[in-house]
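S.K.: Got a structure for you, written out below as C-alpha coordinates; questions coming shortly.
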Amino acid sequence: MKVGIIMGSKSDWPTMEHAALMLEKFGIEYETKVVSAHRTPQLLADYASSASDRGIKVIIAGAGGAAHLPGMAAAFTSLPVLGVPVKSKALNGIDSLLSICQMPKGVAVGTLAIGEPGAANAGLLAAQILGCQNPEIFAKIEAFRKEQTDTILANPNPAE
Ligand code: RP5
(Lines of atoms letter the chains of each structure in order from A; the text may use other names.)
(Lines give C-alpha, C1' and ligand atoms only; values in the text may rest on other atoms or scores of the structure.)
Protein backbone atom coordinates (compact mmCIF):
# COMPACT_ATOMS: atom_id res chain seq x y z
CA MET A 1 0.00 0.00 0.00
CA LYS A 2 1.51 3.21 -1.14
CA VAL A 3 0.81 6.93 -0.76
CA GLY A 4 1.56 9.34 -3.59
CA ILE A 5 2.87 12.72 -2.46
CA ILE A 6 2.77 15.28 -5.24
CA MET A 7 3.46 19.00 -5.21
CA GLY A 8 3.34 21.86 -7.65
CA SER A 9 6.99 22.84 -7.35
CA LYS A 10 10.28 21.79 -5.78
CA SER A 11 9.85 24.87 -3.61
CA ASP A 12 6.95 23.06 -1.86
CA TRP A 13 9.21 20.27 -0.59
CA PRO A 14 10.25 21.89 2.75
CA THR A 15 6.53 21.87 3.60
CA MET A 16 5.57 18.57 1.99
CA GLU A 17 8.43 16.59 3.48
CA HIS A 18 6.48 16.69 6.75
CA ALA A 19 3.86 14.45 5.14
CA ALA A 20 6.61 12.04 4.15
CA LEU A 21 8.16 12.11 7.64
CA MET A 22 4.79 11.28 9.19
CA LEU A 23 4.27 8.32 6.85
CA GLU A 24 7.74 7.06 7.75
CA LYS A 25 6.72 6.97 11.44
CA PHE A 26 4.12 4.37 10.51
CA GLY A 27 6.30 2.47 8.06
CA ILE A 28 4.10 3.40 5.11
CA GLU A 29 5.63 3.34 1.65
CA TYR A 30 5.33 6.51 -0.41
CA GLU A 31 6.55 8.12 -3.59
CA THR A 32 7.22 11.83 -4.17
CA LYS A 33 7.01 13.80 -7.39
CA VAL A 34 6.73 17.36 -8.65
CA VAL A 35 3.56 17.51 -10.71
CA SER A 36 2.21 20.94 -11.59
CA ALA A 37 -1.40 21.57 -12.56
CA HIS A 38 -0.34 24.59 -14.63
CA ARG A 39 3.18 23.83 -15.82
CA THR A 40 2.84 20.08 -16.49
CA PRO A 41 -0.89 19.48 -17.00
CA GLN A 42 -0.45 16.32 -19.06
CA LEU A 43 1.83 14.82 -16.43
CA LEU A 44 -0.85 15.53 -13.83
CA ALA A 45 -3.50 13.79 -15.95
CA ASP A 46 -1.22 10.78 -16.50
CA TYR A 47 -0.09 10.59 -12.86
CA ALA A 48 -3.54 10.78 -11.29
CA SER A 49 -5.34 8.59 -13.81
CA SER A 50 -2.75 5.80 -13.47
CA ALA A 51 -2.27 6.08 -9.69
CA SER A 52 -4.78 3.40 -8.67
CA ASP A 53 -3.40 0.87 -11.17
CA ARG A 54 0.10 1.55 -9.80
CA GLY A 55 -0.96 0.57 -6.27
CA ILE A 56 -1.42 4.06 -4.85
CA LYS A 57 -4.21 4.16 -2.24
CA VAL A 58 -4.17 7.82 -1.17
CA ILE A 59 -2.80 10.93 -2.88
CA ILE A 60 -1.47 13.86 -0.87
CA ALA A 61 -1.24 16.95 -3.06
CA GLY A 62 0.38 20.20 -1.92
CA ALA A 63 0.38 23.47 -3.82
CA GLY A 64 0.52 27.19 -3.24
CA GLY A 65 -1.13 30.26 -4.74
CA ALA A 66 -3.73 29.35 -7.36
CA ALA A 67 -3.51 25.82 -6.04
CA HIS A 68 -5.41 23.68 -8.52
CA LEU A 69 -3.30 20.55 -8.10
CA PRO A 70 -5.39 18.71 -5.47
CA GLY A 71 -8.69 19.43 -7.19
CA MET A 72 -7.42 18.46 -10.63
CA ALA A 73 -5.81 15.32 -9.24
CA ALA A 74 -9.17 14.43 -7.69
CA ALA A 75 -10.82 15.01 -11.06
CA PHE A 76 -8.66 12.29 -12.62
CA THR A 77 -8.96 9.61 -9.92
CA SER A 78 -11.47 8.17 -7.45
CA LEU A 79 -8.73 7.65 -4.87
CA PRO A 80 -8.95 9.89 -1.78
CA VAL A 81 -7.02 13.14 -2.34
CA LEU A 82 -5.77 15.16 0.62
CA GLY A 83 -4.90 18.76 -0.20
CA VAL A 84 -2.21 20.74 1.58
CA PRO A 85 -2.28 24.53 1.13
CA VAL A 86 1.35 25.62 0.90
CA LYS A 87 2.08 29.02 2.46
CA SER A 88 2.46 31.55 -0.35
CA LYS A 89 4.62 34.67 -0.14
CA ALA A 90 1.96 37.12 -1.35
CA LEU A 91 -1.03 36.00 0.73
CA ASN A 92 0.44 33.71 3.39
CA GLY A 93 -1.39 30.66 2.06
CA ILE A 94 -4.93 32.04 2.34
CA ASP A 95 -5.04 31.90 -1.47
CA SER A 96 -3.84 28.27 -1.42
CA LEU A 97 -6.35 27.34 1.29
CA LEU A 98 -9.34 28.84 -0.48
CA SER A 99 -8.28 27.39 -3.84
CA ILE A 100 -8.08 23.90 -2.36
CA CYS A 101 -11.03 23.80 0.02
CA GLN A 102 -13.73 25.37 -2.15
CA MET A 103 -14.36 22.31 -4.33
CA PRO A 104 -17.67 22.17 -6.14
CA LYS A 105 -20.04 19.41 -5.06
CA GLY A 106 -19.31 16.04 -6.65
CA VAL A 107 -15.50 15.96 -6.57
CA ALA A 108 -14.03 15.80 -3.07
CA VAL A 109 -10.69 16.97 -1.70
CA GLY A 110 -9.95 16.69 2.00
CA THR A 111 -8.28 19.99 2.88
CA LEU A 112 -5.72 20.23 5.67
CA ALA A 113 -4.27 23.29 7.44
CA ILE A 114 -1.88 25.74 5.77
CA GLY A 115 1.79 24.77 5.75
CA GLU A 116 3.79 22.31 7.82
CA PRO A 117 1.01 21.27 10.26
CA GLY A 118 -1.27 20.56 7.31
CA ALA A 119 1.38 18.48 5.57
CA ALA A 120 2.10 16.48 8.73
CA ASN A 121 -1.62 15.93 9.31
CA ALA A 122 -2.10 14.90 5.69
CA GLY A 123 0.44 12.15 6.35
CA LEU A 124 -1.37 11.24 9.55
CA LEU A 125 -4.79 11.20 7.87
CA ALA A 126 -3.47 9.10 4.99
CA ALA A 127 -2.15 6.64 7.59
CA GLN A 128 -5.55 6.61 9.31
CA ILE A 129 -7.30 5.91 5.99
CA LEU A 130 -4.94 3.01 5.30
CA GLY A 131 -5.26 1.91 8.93
CA CYS A 132 -8.98 1.22 8.45
CA GLN A 133 -7.98 -1.82 6.40
CA ASN A 134 -4.66 -2.62 8.05
CA PRO A 135 -4.55 -3.57 11.77
CA GLU A 136 -0.77 -3.10 11.95
CA ILE A 137 -0.97 0.54 10.82
CA PHE A 138 -4.02 1.10 13.05
CA ALA A 139 -2.09 -0.15 16.09
CA LYS A 140 0.83 2.16 15.28
CA ILE A 141 -1.53 5.15 15.09
CA GLU A 142 -3.08 4.25 18.44
CA ALA A 143 0.42 4.02 19.97
CA PHE A 144 1.44 7.36 18.42
CA ARG A 145 -1.62 9.08 19.88
CA LYS A 146 -1.16 7.48 23.30
CA GLU A 147 2.46 8.62 23.43
CA GLN A 148 1.40 12.16 22.48
CA THR A 149 -1.24 12.20 25.22
CA ASP A 150 1.06 10.68 27.84
CA THR A 151 3.81 13.23 27.08
CA ILE A 152 1.43 16.13 27.73
CA LEU A 153 -0.10 14.59 30.87
CA ALA A 154 3.36 13.86 32.29
CA ASN A 155 4.40 17.53 31.96
CA PRO A 156 1.32 19.68 32.62
CA ASN A 157 3.25 22.67 34.01
CA PRO A 158 3.89 25.10 31.13
CA ALA A 159 6.65 26.90 33.08
CA GLU A 160 8.74 23.77 33.54
C1 RP5 B 1 2.62 26.54 -7.16
O2 RP5 B 1 3.23 27.76 -7.23
C3 RP5 B 1 3.54 25.67 -6.38
O4 RP5 B 1 2.81 24.70 -5.71
C5 RP5 B 1 4.26 26.61 -5.46
O6 RP5 B 1 3.72 26.59 -4.16
C7 RP5 B 1 4.01 27.96 -6.10
C8 RP5 B 1 5.30 28.66 -6.46
O9 RP5 B 1 6.06 27.83 -7.30
P10 RP5 B 1 7.55 28.20 -7.70
O11 RP5 B 1 7.47 29.52 -8.41
O12 RP5 B 1 8.33 28.26 -6.42
O13 RP5 B 1 8.03 27.08 -8.59
O14 RP5 B 1 2.37 25.99 -8.42
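Using N, Cα and C of the backbone, Cβ positions are placed for all residues, glycine too.
TrEMBL lists 1-152 with the feature domain 'PurE'. The feature substrate binding site is assigned by TrEMBL to Ser9, Asp12, Arg39.
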S.K.: Across the domain 'PurE' (1-152), what does the mean pLDDT come to, as a whole number?
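M.R.: Result for the domain 'PurE' (1-152): average pLDDT 98.
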S.K.: Which binding-site residues from the set Ser9, Asp12, Arg39 have a C-beta atom lying less than 6 Å away from ligand 1?
M.R.: Ser9, Asp12
S.K.: Long-range neighbours only, meaning 6 or more apart in sequence with Cβ under 8 Å: which ones does Ser9 (substrate binding site) have?
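M.R.: Result: Val34, Ser36, Ala63, Gly64.
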S.K.: Including all protein chains displayed, how many Cβ atoms other than that of Arg39 (substrate binding site) lie within 10 Å of its Cβ?
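M.R.: I count 11 other Cβ atoms within 10 Å of it.
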S.K.: According to DSSP, does Asp12 (substrate binding site) fall in a helix, a strand, or coil?
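M.R.: The three-state answer is helix.
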S.K.: What's the longest C-alpha separation between any two of Ser9, Asp12, Arg39, the listed substrate-binding residues, in angstrom?
M.R.: 14
